[in-house]
Structure formats: structure tokens, C-alpha cells
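Engineer: Just passing along the structure, written as C-alpha cells.
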Amino acid sequence: MDFYKGSNKMKPKNKKKIRIRLRISLASPDRLKKLSERKHPNGNIVGQIENSQTVNYKTLKPEKGGLFCETIFGPINDFECACGIKKIKHSKKYCSECDVEYTFSKVRRHRLGHIQLLSPVTHVWYLKGRPSYIAILLNMPKKKVEAITYCTEISTTPAIVISNQMNKKLPFFQKNNIFYSLWYQESSWEIKEDWSNFQHYMMPSLEKKNEIPVKYYGIKKFNTSFYQHLGAEILRDLFILLDLDEVYYKLKHFLIYINNDIKNLEDELENLEKYGNILYNEEHRKLSKFLFRQIKLLMYARAKKIRRLKLIKYFRRTKNRPEWMILSILPVLPPELRPIIQLDGDQVAVSDLNKLYQKVLFRNNRIKKNDSMESDEIKYSRRLLQEAVDSLLENGKGGTTPICASNNRPLKSLSDILKGKKGRFRQNLLGKRVDYSGRSVIVVGPHLQLHECGLPKEIAVELFQPFLIRSLMIKKMVRTVVGAKRFIQNKNPKIWQILEQILTNHPILLNRAPTLHRVGIQAFQPKLVDGRAILLHPLVCTSFNADFDGDQMAIHIPLTFEAQAEAWFLMWSRNNLLSPATGQPLILPSQDMILGCYFLTTKQLKKKKILSHFININECIKAYDQNKINIDFPVWIRWNSNFETMNEQEKPLEIQVSRLGSFIEIYSQYKRDFSFSFKEKYKYIRTTTGRVLFNKTLNLKKKSLL
């Protein structure tokens, strides 16, 4: 995208282009806070939403500090505060009573707010997506990560520690272990009931081989709580401890070793199979099974390590941190994008997002109330907050029960607004109506070249009307623009000749929604056709993922010379034969083409006797056109150029000698006629009518390409 500095009225002579690149990536908590916070004219920092109130149910005015607060998001009416006072010239920039800034109301469409979460939560896309990036990065099972996130399993970090353990540095392989995840934090219990909880959650961990039993001596009393780390907070601490560079290089070295092990086992298995056929017994069979099983296990382990290595490589390249997948600040959309609309009477239409934001705020405040309590209520409150944020981001993700409205309709989350055919991208951004564009159904055009498409005359006249008017006025067929439009509306036959001349050097762009990759929009040379349907070559349908069961395609006209040049060189269909992603061919022979080639090249094995001899190919085709021979009928054709056979060193099956000394050598696929001086006069090849037609078609296409 190109932007110019300065106003539209006074553009500088030297236009300096500012190119802005859009990149979608993880956002840090500081970045989220910076986007949603701003400095108010009174000097305060605003942006944090503190309560779940929306608007007053009587006056329908926003509540202060709520989801529609005018202090945070801006005034409802231009330069009018919440008190109803309009700005007076040379007055303050804000109302001193309600703290609402005097500005345009359109700022409510782009100003963000945020909710400060009292307990961190995981982003549901990275937790429950396929694959689960959090589970891969931590090298833990997905169920284990989900159990920690939803507080059904808490950290088994020892709360009672010995002083010399605190000074030890954790080995690398123990950093991903949940037992060692929190650096031996010193904790104590303050309520007697918590001791039972401590025993319940700590003692089962003793069964695992890589965990150290809790010792009951050397107890110290500390001020921190046993329930200090729960849910996503544990995962965040694990990510903070994760050294991406160290893990990256260790995984690379590990893959070298595992590849060598796989190669050695494969060589051993190959040797065993090679010599095992001679001395085959039960021990060889068991050993080969064992080696095969070991190779499979190593290959599975290698695939897991490669997947983790690729993810770590992405984080290192983009300078992102994995703990950013854990949310501590939740952005809130501008209120104009989630409005409350008053309908006829006392009815009010409320966006589903407001209900989901309210649920997050309710459960966030619940944690604040229960923070002083030392019981299972904390775990339950944090789990409720995690589920509320999950529903806001994607309601019903991962098979969970979605949050529904009073009529049992699932509430529309942020993901539902973006994804799908009716989402923001495909419906509002990619599906916009633009000038010099059309739309129609596609049908097969078998006579078209790969780079051609059939453009209906009715559409072509409308799209290329400015070009037609210009040509008519240059050729002095009309005097005015009005006269040219009348000339075109009357469908004068002369306009078709002019239109064909215009289309000769003017490409058009065909696009089929959804445009999922680069070849989803391509340039074609248009040919005028009757009817209302766009004619398309069947082989280019693979790129568009189109078929001829009623699919529609959009037509766009490149107007400038730069756009036309780009269409010819970059977007032309003949230049998009290979996939830009994989390099694999996009255009392959279709099933009917393969079936037709097979049918043309088959022969009747029952017909052993060949009666027809032809001087050349044209005579054979002429006989076929006159229905004297069939498509699979074997024939002899005189052939003067070179040919190939499967049996190059074949001996003649029969030699016929005439009384004048000339002779004929007969082979399985051809025969040669020699004079008495052993000079070859001519030769015949044994083939079928279909193969003759197939060969002629290939030669014609070959000449047309040269």
C-alpha cells in the first residue's frame, strides 16, 4: 500500500511513497497495553475497563468505567460530553465534570480498551488448535497441558524445600518437567484444611521416577501461599524459563544422532533380510520384527522433534516469545463494532460480544473476591475465567459446550465474526463490489486455448464501454459521448469489430472466491461469445478449485498500462502452470483426456489378419471418415521416417522372395521391401487408425507451439 505525506489539496512535487507492510503475529502484553491505553487531556491514563456495566437501562447512556464508557472510547455525539454540554470555542479539551474529551464521535470505531486479568489465561487457538502449539513447545501431552490450564491438575512443585536445593541450577532436561517448573518456590500453609489438599496433590507425584519425594524435616515458614501458581500461570512460568536458543541447538544435535541411529538400524535390517533368506529361522524373524519396531519408534520420535524444532525456529526468527501465548491483558473492541441498538418500543438489540465481555468481567471480579480465600474456590474461579475467555475468542472450541443465549443459540464469538463465508474477511473485505467488474456462471469452453476465456458480449459491452466510446470518437463514427452511448445501446454491428480489436491487447482478470492462494486470480485473453456464461478451459479449474456445477467467477479489468503489463507477465494463466507453494504442476491431464488417449491407442487383438494397406496417413484418415475402417482396426501404413519398436534386435518372422530377386522382410510390427540390389524401397508399419489420429494431433500441436 502506498501513502503520501501531506494533505490531498497540497501534494508535494516530489512524492515520497511510504510503504506499510502488514504482519500478523503474537503481541506482547506491553504492546497490547500500548494499543489500548492513551493519555487523557486531564493527564490521566485511560483504557482499562473496570466494571461490566454497559448502558443505563432507562437513559441508554454509557456507564462510566464500563464497556461503553465515553471517557475511555470517546463521546457518542461530536464534541458533546456525557452531560450534554457542547464544546465552546477556546474552552477546555474535556468536560471537567464527566471527564469526556471533546472530539469526533468516529473515534469510538477505532479506540480500544482492555481488561486486566487477575489470573493469566491461555489463548484457546494455541491450546486447543490442531496442532496444539503450547503442548508442542513444552514437549508435553495435550491432555496434560489442558489439565493444568483448567486447574484439574495443579503444579507438583515442592512447597517444602531444603536450603541446599534452592541454590542448585536446574538441568536442561528438567526445565520442561512440571515438577521442577517453578524454581523451588518457598511456600507454607496457613489453614489446617490446606494440609489435606497438600497431601492429596503432592503424594501421587511420588510414583513418578523423575520426581523427588517431599521430605518432612527442615520445615521453614514463609509468607507465600500454596495456591500461588495455578492454571495458565504455571505454563507462563515454564515459557519464561524456556531458553529457545539452547533448546534449538540441542534438538539439532539430537536429530543428527537419531538420523544416524535410524540409518544403522535400516542397514542392519537390510542385511538381515538379505542373508536371512538363506538361513531363515525363528530368531531371524523375531530380530527383524524388533528392528522394524525400533525404526518406527525412532521415526516417530524424530517427527515430534522436527515439529518442535520448526516451531522454535519460527519464534527465533520473528523475535516473539512463547509466553505471549498466555494472556494477562485482554483487548476490548471499540464499542461501535459491538453496538447496542434501540429497536421499536422498549426492545434493545445487543451484540453477542458484549455478553461475552461481561461474563469475562464477572468472573475476573470473582477472582478478586476469592483471592484471600485458601480453598478449592480459587481453582474453580480461575477455571471459570479461562472458560469465559475461551468463549470470547472462539465459542465451543475443542468440543466444549458453547455459551448460549436465552433461546439456546450459541453466542457469536470473535472467531465466528472473522471466519467463514459470512465472516469479515470474505464477506466485507474480499467480497466488495468494485467498478469495472462483472460476475457470471462458468461453463466449459473445449475449443479455447489455455490462456483464453469466453467473455459474453453483454458483459463485454458494459465493462469496456469507456474504451468503446474512445475508439468510436477517434474513428469519427460519433461526435459526442452521448451519441456514442446511444450508438452502443442500439447494438450496432460495427461495435463488435471494434470491441474485438480492443480485446486483442487487453487482458481480463478472472477470480473465484475464496481466493486462498496466489493462483486464485489469473489473467486471460478474452474472446467474444454469445450467451451470458463465461467460457473457461477445463484444465485451469484446478487452480481456482472450480467445477461446472453452477460456480460463479468475477471479472475485473486492469485499467492502467502498469496493471495490464503485470497481468500479462505475472498473472497470465500460461505462466501459472506450477504451484507457487510446492512446485507441483497445477495443470494435469483430466480423466476424459486420459480415457480418450487410451481409447485411441488400443487395438483389437482378435483381428489378426490385416487387409488394409495405405500409402500415407491421409489415406487412412480418409478411409476412417468414410466408415470403411474402425478406430481400433489394425492397418499397414507406408512410413518413410524413423520409428521406434519395443524389440530393436528382432529377427524377421518371415522373408518373401520374388522371382525377380526382390524380397520382403516381415517383422511383428513392421515390414521392409528391398530391391534385388538390397536397397530398401519402402517400409510399412503395423498400427491402428486411432494411433494414426493421435500421432497427427500431436504433430499439429507441436508445430503450433514452435
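Just so you know, the numbers here start at 1 and follow the chain as drawn.
Each Cβ is built from the backbone N, Cα and C atoms, and glycine gets one as well.
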Engineer: Looking at the ranges 171-198, 255-282, 339-366, which is given as coiled coil in TrEMBL?
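Structural biologist: Spelled out, TrEMBL records coiled coil over residues 255-282, not the other listed ranges.
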Engineer: What's the most sparsely packed of the binding-site residues Cys81, Cys95, Cys98, counting other C-beta atoms within 10 A?
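Structural biologist: Comparing Cβ neighbour counts within 10 Å for the binding-site residues Cys81, Cys95, Cys98 gives Cys98.
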Engineer: Just how many other Cβ atoms lie inside 10 Å of the Cβ on Asp551 (Mg(2+) binding site)?
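Structural biologist: Result for Asp551 (Mg(2+) binding site): 17 other Cβ atoms within 10 Å.
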Engineer: How many neighbouring Cβ atoms, not counting its own, are there within 10 Å of the Cβ of Asp549 (Mg(2+) binding site)?
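Structural biologist: Around the Cβ of Asp549 (Mg(2+) binding site), 7 other Cβ atoms lie within 10 Å.
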Engineer: Same-chain residues six or more away whose CB lies under 8 A from the CB of Cys83 (Zn(2+) binding site)?
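Structural biologist: Set apart from Cys83 (Zn(2+) binding site) by at least 6 residues yet with Cβ under 8 Å, we have Cys95, Glu97, Cys98, Val100.
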Engineer: Find the shortest Cα-Cα separation between Cys81 (Zn(2+) binding site) and the binding-site residues Asp547, Asp549, Asp551, and name the residue that gives it.
Structural biologist: Asp551
Engineer: Mind giving me a neighbour count for Asp547 (Mg(2+) binding site)? Other Cβ atoms within 10 Å of its Cβ, every protein chain shown.
Structural biologist: 10
Engineer: Write out, in the order they occur in the sequence, the residues of the chain not among Cys81, Cys83, Cys95, Cys98 that have a C-beta within 8 Å of the mean position of the C-beta atoms of the recorded Zn(2+) site.
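Structural biologist: Filtered neighbour residues, in order: Ala82, Gly84, Ile85, Tyr94, Ser96, Glu97, Asp99, Val100.
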Engineer: Where does Asp551 (Mg(2+) binding site) sit in the DSSP three-state scheme?
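Structural biologist: Assignment for Asp551 (Mg(2+) binding site) reads coil.
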